[in-house]
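Let me begin by presenting the structure, written as structure tokens, before commenting on it.
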Amino acid sequence: RLYQIPFGMPSCKDESEAHTLYLVGDFSAPAEFFVTLGVFSFLYSMAALVLYLRFHSLYTENTKVPFTDFCVTVCFAFFWLVAAAAWGKGLSDVKAATRPSTLISAMGVCQGEGVICSAGTTPAMGLANISVVR
């Protein structure tokens, strides 16, 4: 929800006055889907572990229980692939929206003739990239 994050924009006319610029974009849905699926996967794996360890005889005697477990696991694997792809796209959109060149082009102060604006640093996105790989 980048639209909730204010960004202080300096004003060249008056040094003490700063304008507030809000970032554009709401990329929370892919992240929420990714996290929700991770929580459900964890809960299912805990339930399956209890089934494997505590009710092992039920698992070995009934042929429908292993097949159901297999089908649910395949569904979770498919949804995990979809969630990782959605979060990867959401992350690339967040990177594009917060790229320093994008922010500079959105500032009216930097559009004047003879004005040179540059980013101080480039944001580090290493941990965010790792979250997609997991």
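Every residue gets a Cβ built from N, Cα and C, even glycine.
All TrEMBL annotations are machine predictions without curation.
Under the heading domain 'MARVEL', TrEMBL lists 1-134. Sequence annotations record features per position, and here TrEMBL assigns transmembrane segment to 33-55, 67-87.
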Inset, instruction - Would you mind splitting the domain 'MARVEL' (1-134) into helix, strand and coil residue counts from DSSP? - result: 89 helix, 10 strand, 35 coil
Legend entry - Residues of the parent chain within Cβ reach of the transmembrane segment (33-55), under 8 Å, 6 or more residues beyond its termini: 65, 69, 72, 76, 79-80, 83-84, 86-87
